[in-house]
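All remarks here apply to the structure that follows.
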Amino acid sequence: MSESFLIAGATLPDGSRADLLIEDGTVVELGASVSATDATRVDADGLIALPGLVDLHTHLREPGYEQSETVLTGTRAAAAGGYTAVFAMANTSPVSDTAGVVEQVLSLGEAAGYATVRPIGAVTVGLGGEQLAELGAMAASRAQVRVFSDDGFCVSDPMLMRRALEYVKAFDGVIAQHAQEPRLTQGAQMNEGVLSGELGLAGWPAVAEESIIARDVLLAEHVGSRLHVCHVSTAGSVEVIRWAKSRGIRVTAEVTPHHLLLTEDLVRGYDARYKVNPPLRTRDDVEALREALVDGTIDIVATDHAPHPVEAKDTEWDAAANGMVGLESALSVVHAALVADGRLDWADVARVMSSKPAEIGSLAGYADGLVVGAPANLTLYDPEASRSFSTEDLAGKGVNSPYLGLELPGRVLHTFHQGRRTVADGTVVDVAEVARA
Ligand SMILES: NC(=O)N[C@@H](CC(=O)O)C(=O)O
């Protein structure tokens, strides 16, 4: 029998107060005053109980790039951020483009024990953009892949994109597109605009993203399939997606925490921690993205957690790798960007960071949130805490966080994955040691 927990006096996303009893990996009781003598008591007075967060866009780097992250370290980072499930991007080495590789990633996640790891399959062989990968075999594998993406690269060939969209209909899969017209972004280094001219960095125009999204929503409509747009970053993209949704096209979209908070002005110091794909944009873009998340045009927040070794970032701008870590900071950044001023409440956060990403990725167990009978995946968050974000807050291998030294609100204090505690009092638990005990 696994350890039982009585979470006492938590505030649920709807604002009500309740005790939760967790036994055998399940929420077995939820109410005003639950008693259980043999359960470990967790005092949750003043803490928000959120359903375990689900990240539809995580780079776990294993197999192949273990110097950046492993499934173990990446899921520790996830737990630290309140996540209990992550979808692992396919740009590994070998690429996750076969049943064998996705099953390997799945097994590594199960062995680590910190979060459910759902592998994302590549759309094209080797992310090469030329030949469709074995989408059906990955879907039928033990990993049950439903999300396919060449993230890092755009599926730029419209015929391949059409075929991929058609193919995944058979098992209600979804193509998650990294929308970046490659010809319009050759050598691009930062958002194209007045500032890129001033800084002497090659521009990355908004239209490179918007034109692909426009094409893809039309393709999705044409074949009646499901499209998901990764890391939307411009106001124009929001308008295209709003139009597509108004036509009933089956499109969903994500925004990253960093695109909700940070702007291109940070590039002024040429500090490559701010180098990311897609690039940080303007204040107007940030405002449009916030509005879109609030009105539902953008469905979810996804981190695009992209760890890199220090040497890949600690170099001149042009040579540095794109990407930021994001799992550990995501909830605090969403809090700062949209909860602090009341535009999102905690029920909205539960939707955009848990139930909706699970729905898009066909992940069971998150649809109803924290209810009796649901798997005990949850996080306890202290909304009154605040901290200067530091490397101490990072639990994965990557230290390429854009928030180091910034004051961020809130703090994840406890995370439970399938009834097991993965974070206790703000510290990641050694789950292997607990299992041995
Ligand atoms: N988002 C990023 O800036 N980086 C991603 C891939 C990519 O989109 O370039 C990575 O894998 O590092």
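Quick reminder: no glycine exception, Cβ is built from N, Cα and C everywhere.
In the three-state DSSP classification, ASP304 (active site) falls within coil. Long-range neighbours of ASP304 (active site) (same chain, six or more residues apart, CB within less than 8 Å of its CB): HIS57, THR58, HIS59, CYS230, HIS231, THR256, HIS258, VAL276, GLY323, MET324, GLY326. Annotation comment: TrEMBL describes ASP304 as active site.
The DSSP secondary structure for HIS59 (substrate binding site) is coil. Under the heading substrate binding site, TrEMBL lists HIS59, LEU60, ARG61, ASN91, ASN277, HIS308.
As annotated by TrEMBL, Zn(2+) 2 binding site applies to ASP151, HIS178, HIS231. In the three-state DSSP scheme, HIS178 (Zn(2+) 2 binding site) falls into the coil class.
The domain 'Dihydroorotase catalytic' annotation in TrEMBL covers 48-235.
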Binding-site residues LEU60, ASN91, ASN277 vs ASP151 (Zn(2+) 2 binding site), shortest C-alpha separation belongs to ASN91
Per DSSP, to which secondary structure element type does ASP151 (Zn(2+) 2 binding site) belong, with helix, strand and coil as the options? coil
Across the domain 'Dihydroorotase catalytic' (48-235), what is the average pLDDT of the model, as a whole number? 98
Anything from the recorded positions HIS59, ASN91, HIS231, ASN277, ASP304 with its Cβ under 6 A from ligand 1? List those in sequence order. HIS59, ASN91, ASN277, ASP304
Excluding ASP151, HIS178, HIS231, please set out which residues of the same chain place their CB within 8 Å of the center of the CB atoms of the Zn(2+) 2 site, keeping sequence order. HIS57, SER149, GLY152, ALA176, GLN177, ALA179, GLN180, CYS230, ASN277, PRO278, ASP304
Listed in sequence order, residues with CB under 8 A of HIS178 (Zn(2+) 2 binding site) and six or more positions away: SER149, ASP150, ASP151, GLY152, PHE153, CYS154, VAL155, CYS230, HIS231
For LEU60 (substrate binding site): intrachain residues, at least 6 apart, with Cβ closer than 8 Å: GLU69, THR70, VAL71, GLY74, THR75, VAL86, ALA88, MET89, THR92, VAL105, VAL117
